[in-house]
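Please read the structure below before turning to the comments.
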Amino acid sequence: MRYSSLLRSDQTLFRDPEVFESTYTPEHLHHRDAQVRELAFLIRPALRGASPMNAILRGPPGTGKTTTVRRVFAEVAAETRRVVPVYVNCRQDHTLLAVYRCISRHLSGYAPPSRHLDDVREVIAARLRERDARLLVCLDDADYLIAAGTYNVLLYQLLRLYEGWSDLRGAGVFAVTSDLALNLYAEADGPVRSVFHPTEVNFWPYTKTEIRGILSDRVRQGLYPGVVPATVLDLVVEMTAGEQDVRVGIALLRQACLQAEGDSRRRVTRKDVMDVVAGVGSPALAARTTGLSSGERALLYRIAEQSLSGAEMMAGAVFEEVQDYLAVGKTTYHARLRRLADAGIIDLLHTGKGYEVFLRYAPDEVFAACARGGPGDQSPGCPRKG
Ligand SMILES: Nc1ncnc2c1ncn2[C@@H]1O[C@H](COP(=O)(O)OP(=O)(O)OP(=O)(O)O)[C@@H](O)[C@H]1O
Ligand SMILES: [Mg+2]
């Protein structure tokens, strides 16, 4: 290799590569003022010593639910000590112990030494009492709690904290889902519903103009000027609007820039974008697999293999087949299957004999998407200290 090309390969188009990571918190939250105002309104009673009110946040993937909650929680934490907002990523933490440990870690700043549920709950109660604070918990991707069978007991205990400790107020709960077929209120049982009166906060898919605003902001922050010409951004906006998921646009921009950078070019072309789309198969699939954990991705890979080989695709038969490769029990298998269905990668259709697994994408596309990997298991959740 010549010296000059070696040097050129060091040049980057990215002013700040972090801007295209899934963990990045955007400087500006676009077009979610109404939702921010609604959430602030629900939190306000806690500033006067009452419990925060409850909410169900609904909207398809990539419509800014997580980003909005995190933004509001950060502001609350900066403004007052009377409310303790705790974000729980239920994809990661869906057992009672995991959720309570997450809350305890947040309140104390370190991992609770005990792994006994009662001890962890006692620590939470003590910290809330010390601070005379109200607890507000966001259960993001609450579907995982339903799959794990912990949704109702957790809601019951959080909303009725005063039943365990008469000097505490009930917590507020913001439950989040991207599964529009799921009614998180209907999933609550009678005892929960008697105290759970959530306001529904909807996150509609962004319009093309809104997507353009969000993506051009990313381009401005993350790339050097002139790297993405307007016509290229137009194409990415079109594709993103088609998929209704901002992540698709962010992924396309990042990969197209990496391709241009690899070719030592200073500008991205429409061809780069088209190449990347072809390379990753469906941009929606790329975006959907990015959020999967390594275990979920491994299962998806095996399902694609099964589907390609023409094998029987009943959920039970698939479980028998994958057991040799993935050392997981039935509960974990079903939770992962549910997750793949929630992510819109497979469909689970109920037949007379049980659930049949349908892959929404061609197996080759799935192999390519799985091979590209993603941050999956490192998705933002509780800080893993201790
Ligand atoms: N209004 C916005 N302004 C800036 N960036 C946004 C906005 N909405 C979404 N994004 C970006 O789009 C990506 C997806 O957003 P987010 O994770 O909040 O979506 P979500 O609705 O929680 O999706 P899912 O249901 O799949 O969890 C993130 O990278 C986020 O930074
Ligand atoms: Mg989310």
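Placed from the backbone N, Cα and C atoms, the Cβ positions cover glycine too.
Note that TrEMBL annotation is computational and uncurated.
Taken verbatim from TrEMBL:
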{"type": "BINDING", "residues": "Thr63, Gly64, Lys65, Thr66, Thr67, Tyr206, Arg218", "note": "ATP binding site"}
{"type": "DOMAIN", "residues": "55-163", "note": "domain 'ORC1/DEAH AAA+ ATPase'"}
{"type": "DOMAIN", "residues": "213-274", "note": "domain 'Cdc6 AAA+ ATPase-type lid'"}
(request) Work out the three-state DSSP category of Lys65 (ATP binding site). (result) helix
(request) For ligand 1, pick out the binding-site residues Gly64, Lys65, Tyr206, Arg218 that have a CB under 6 angstroms away from one of its atoms. (result) Gly64, Lys65
(request) With the Cβ under 6 Å from ligand 2 as the test, give me the qualifying entries from the binding-site residues Thr63, Lys65, Thr66, Thr67, Arg218. (result) Lys65, Thr66
(request) Pull the DSSP breakdown for the domain 'ORC1/DEAH AAA+ ATPase' (55-163) and write it out as helix, strand, coil residue counts. (result) 61 helix, 18 strand, 30 coil
(request) Using only the Cα atoms of Thr63, Gly64, Lys65, Thr66, Thr67, Tyr206, Arg218, which the record gives as binding ATP, return the largest interatomic distance in Å, rounded to a whole number. (result) 18
(message) Would you identify which of the binding-site residues Lys65, Arg218 has the most other C-beta atoms lying within 10 angstroms of its C-beta?
(response) Lys65
(request) Across the whole of the domain 'ORC1/DEAH AAA+ ATPase' (55-163), what does the mean pLDDT come to? Round it, please. (result) 94
(message) Counting only residues 6+ away in sequence within the same chain, which have a CB under 8 Å from the CB of Thr63 (ATP binding site)?
(response) Ser178, Phe203, Trp204, Pro205, Tyr206, Gln244, Asp245, Val246
(request) For Thr67 (ATP binding site), write down the residues of its own chain that are at least 6 apart in sequence and whose Cβ falls under 8 Å from its Cβ; none is a fine answer. (result) Thr25, Pro26, Leu29, Arg32
(message) Suppose we draw a 10 Å sphere around the Cβ of Thr66 (ATP binding site). How many other Cβ atoms does it contain, all chains included?
(response) 22
(message) Sequence gap of 6 or more, Cβ distance under 8 Å: name the residues on the same chain that satisfy this around Gly64 (ATP binding site), in order along the sequence.
(response) Leu29, His31, Arg32, Gln35, Phe203, Tyr206, Val246
